[in-house]
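Peer 1: Below: one structure in structure tokens.
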């Protein structure tokens with residue numbers, strides 16, 4: 001049974017064009033071809049990424065945060081209450097008015113005290129500013145290095161300038177060490193993101209992020225199996241071209257440098273729209289949809305690869321909508337919050353912020369100067 005499934009999974013008609021077999025992609029005459037077994041190394045590399053990330057956040061990102069005066073904000077903790085805690089964990093984090101009245105009777109607290117308890121309890125679960133800064137610092141560092149490395153891998157290749165050359169000789173296209181390591185490192189990094197997603201900062205597009213990571217892992221893996229490596233390197237470099245800008249904007253936002261954050265975000269928005277909504281669909285997708293059919297009939301791998309590209313494109317449209325909505329607020333002069341993030345709830349009307357150590361000393365900085373009005377501080 002298992003052998004039958006194995007044989008069917010690796011059936012040449014699923015992965016390769018007609019009249020080609022795996023034997024055509026065996027190493028010979030000094031030419032090396034992609035193999036599925038090459039990807040085994042990505043799992044231990046993903047674990048290595050998690051270890052490197054831990055030490056990076058501890059010894060690089062944390063001292064950098066201290067230099068930028070990013071400090072933990074003192075939060076009032078919700079006092080222990082078994083009744084309210086049980087409801088919070090099992091029924092919901094934001095009880096309705098009827099539920100508040102019921103919980104008030106069960107716990108012996110007033111309705112206002114119940115609401116205050118739930119505000120504090122929700123704030124306890126929100127990630128700290130330092131945690132978000134360290135995460136953004138790590139991703140910024142990787143994406144910047146990956147983009148530079150990716151461009152070094154593809155900029156001297158003829159298919160970078162002429163998309164038709166992506167399919168020249170396909171699938172009998174040998175790989176070179178730079179392509180191998182670019183693939184292994186990118187795939188390992190996305191595995192590490194998937195492994196750490198439960199402990200990373202959760203945003204409103206959490207489900208979309210999971211879909212993105214899974215689709216990316218499948219795309220990278222499949223493109224390696226089916227020797228779509230030339231197209232794969234172009235797609236990975238294209239995605240990395242804007243990601244480091246977003247992460248750098250987050251870092252400046254957490255540091256309170258709002259003007260710098262806003263300017264970088266506008267640049268990011270422009271690059272994102274150009275790369276994800278123009279170059280990707282009208283150049284890259286055209287390359288993977290149209291040019292292969294000039295060489296061979298469509299096969300399962302052709303449909304599968306382009307279907308996964310379609311999933312990514314839909315996610316890009318969704319994120320572009322959020323980005324454009326934020327950019328509109330920038331242009332109209334409104335303070336902007338990340339559309340994907342939850343805002344930390346405050347109880348300043350009752351003086352609790354001051355009791356927690358708030359006030360002028362805890363205000364963030366805008367390019368080194370205190371922000372007087374911080375009611376709409378971005379929390380991503």
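Cβ from N, Cα, C; glycine included.
Note: TrEMBL annotation is automatic and uncurated.
Pasting the relevant annotations from TrEMBL:
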TRANSMEM  45-68  transmembrane segment
DOMAIN    71-128  domain 'Homeobox'
DNA_BIND  73-129  DNA-binding region
DOMAIN    131-332  domain 'TLC'
TRANSMEM  140-160  transmembrane segment
TRANSMEM  210-229  transmembrane segment
TRANSMEM  264-291  transmembrane segment
TRANSMEM  303-324  transmembrane segment
REGION    338-380  region 'Disordered'
COMPBIAS  344-353  compositional bias 'Acidic residues'
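What's the neighbourhood like for these features in this structure?
Peer 2: Here the transmembrane segment (45-68) has long-range neighbours at 130, 133-135, 137-138, 141, 184-185, 188-189, 191-192, 195-196, 254-256, meaning same-chain residues at least 6 beyond its ends whose C-beta is under 8 angstroms from one of its own.
Model confidence over the DNA-binding region (73-129) is summarised by a mean pLDDT of 85.
Among residues of the same chain six or more beyond the transmembrane segment (140-160), those with a C-beta under 8 A of the stretch's C-beta atoms are 56, 166, 168, 178-179, 182, 185-186, 189, 230, 233-234, 236-237, 240-241, 243-244, 247-248, 250-251.
Away from its own ends, the transmembrane segment (264-291) comes close to residues 163-164, 166-167, 228, 231, 234-235, 238-239, 241-242, 245-246, 248-249, 252, 305-306, 309, 313, 316-317, 319-320, 323-324, 326-327, 330, 336 of its chain (Cβ-Cβ under 8 Å, at least six residues beyond either end).
Tertiary proximity for the transmembrane segment (303-324) is limited to same-chain residues at least six positions away from its ends with a CB under 8 Å from its CB atoms, namely 205, 208, 211-212, 215-216, 218-219, 222-223, 226, 228, 235, 268-269, 272-273, 276-277, 280-281, 284-285, 288-289, 339-340.
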Peer 1: I'd like the per-state residue tally for the domain 'Homeobox' (71-128) from DSSP, helix first, then strand, then coil.
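Peer 2: Reading the DSSP string over the domain 'Homeobox' (71-128) gives 35 helix, 0 strand, 23 coil.
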